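Undergrad: Quick one: this structure, given as structure tokens, is what I'll be asking you about.
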Amino acid sequence: MAFPRTLAILAAAAALVVACSHGGTPTGSSTTSGASPATPVAVPVPRSCAEPAGIPALLSPRDKLAQLLVVGVRDAADAQAVVTNYHVGGILIGSDTDLTIFDGALAEIVAGGGPLPLAVSVDEEGGRVSRLRSLIGGTGPSARELAQTRTVQQVRDLARDRGRQMRKLGITIDFAPVVDVTDAPDDTVIGDRSFGSDPATVTAYAGAYAQGLRDAGVLPVLKHFPGHGRGSGDSHNGGVTTPPLDDLVGDDLVPYRTLVTQAPVGVMVGHLQVPGLTGSEPASLSKAAVNLLRTGTGYGAPPFDGPVFSDDLSGMAAISDRFGVSEAVLRTLQAGADIALWVTTKEVPAVLDRLEQALRAGELPMSAVDRSVVRVATMKGPNPGCGR
């Protein structure tokens, strides 16, 4: 696949190239208040040059689990500590992140990371969800405005240009585009973040935006499966119920039938209760919801074997009102997600302890963890310097 090769080449240009046999300990394990403990608790491991299928055999159980975590960081010290101490698979640049991390520290952290390349992710949709506005030329138009005022090709070009700016900063994953279908007012939870109320329009414009990001070497992540557009509220504030699955199939799920085939691409599963699918559980913690995405059976899509992300598991009341972070992370991995996402680092050691306990107890099958590690390794591509 050409995309991981492009990603690896760009990463090599952005960071210090580390030979595959290098296993040195990254410097600077100090942390700001509330971050991971300063004392390293993970043994430094060499960067791996193995093919994705061979990666699980090279990692300890704890390092496998760590690769399935993406956590928000406050600043460079916070990022350095969680990568050095716990070998997490990725970090999230969020609304509270000190953007001076891009002044050189991020490249050093990436160069001194764990066994696989470090994923660096962001919510950069344009419009009102723009974490990097001060670094990439402002917020840009909202998705709704783009669909109303630009052609599909113009949207692809815009996403490519913004993606290139993100990639120069070191971003490898963008949690965009929004694929939700809605005509709700602009200022509602999805609102103008959506390309519109017509599934065909959303498919065309979201597909163009995703392709522009791919053109730039950034992985697009479609969200919020199986569809937040007609949900009963805001999952940041509490539980959200969508229309029944049969209703979603003819509307909200339509874009996914096409867009999951346009690889490489990821999908984020939302905290949405879907009558006829998830029962009282949110989709992000539901085996039935992830199985719907994986198999395509039930909504007319082909199987999907790309990376599946949870939505934020710590800062959204739809989850945090019911579960602590460790339990939520376990449940999303049990449901079949590959990557658990949340917005702070302080929970990482407890999460890894809980996941290791679940492995030993048979609550989380090692075979499922290994499959997710292979997907994560495929998503990331080879380490810089591996010659692939």
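Glycine residues also receive a Cβ, built from the backbone N, Cα and C atoms like all the rest.
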Undergrad: Based on Swiss-Prot, name the residue from Asp123, Asp215, Asp234 that is recorded for the same substrate site as Arg131, Arg193, Lys223, His224.
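TA: Record check against Swiss-Prot: substrate site with Arg131, Arg193, Lys223, His224, extra candidate from Asp123, Asp215, Asp234 is Asp123.
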Undergrad: Reduce the DSSP letter at Asp311 (active site, nucleophile) to three states and note it down.
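TA: Coil, per DSSP.
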Undergrad: Near Lys223 (substrate binding site), which recorded positions out of Asp234, His236, Asp311 have their CA within 10 Å?
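TA: Those close enough are Asp311.
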Undergrad: Show which residues of the chain containing His224 (substrate binding site), separated from it by at least 6 in sequence, have their CB under 8 Å from its CB.
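TA: Set apart from His224 (substrate binding site) by at least 6 residues yet with Cβ under 8 Å, we have Val178, Val179, Asp180, Met268, Val269, Gly270, Leu272, Asp311.
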Undergrad: Over all pairs in Asp123, Arg131, Arg193, Lys223, His224, the listed substrate binding residues, work out the largest Cα-Cα distance in Å.
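TA: Max Cα-Cα spread across the substrate binders: 18 Å.
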Undergrad: For His224 (substrate binding site), which DSSP three-state class applies?
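TA: The residue in question, His224 (substrate binding site), is strand (DSSP, three-state).
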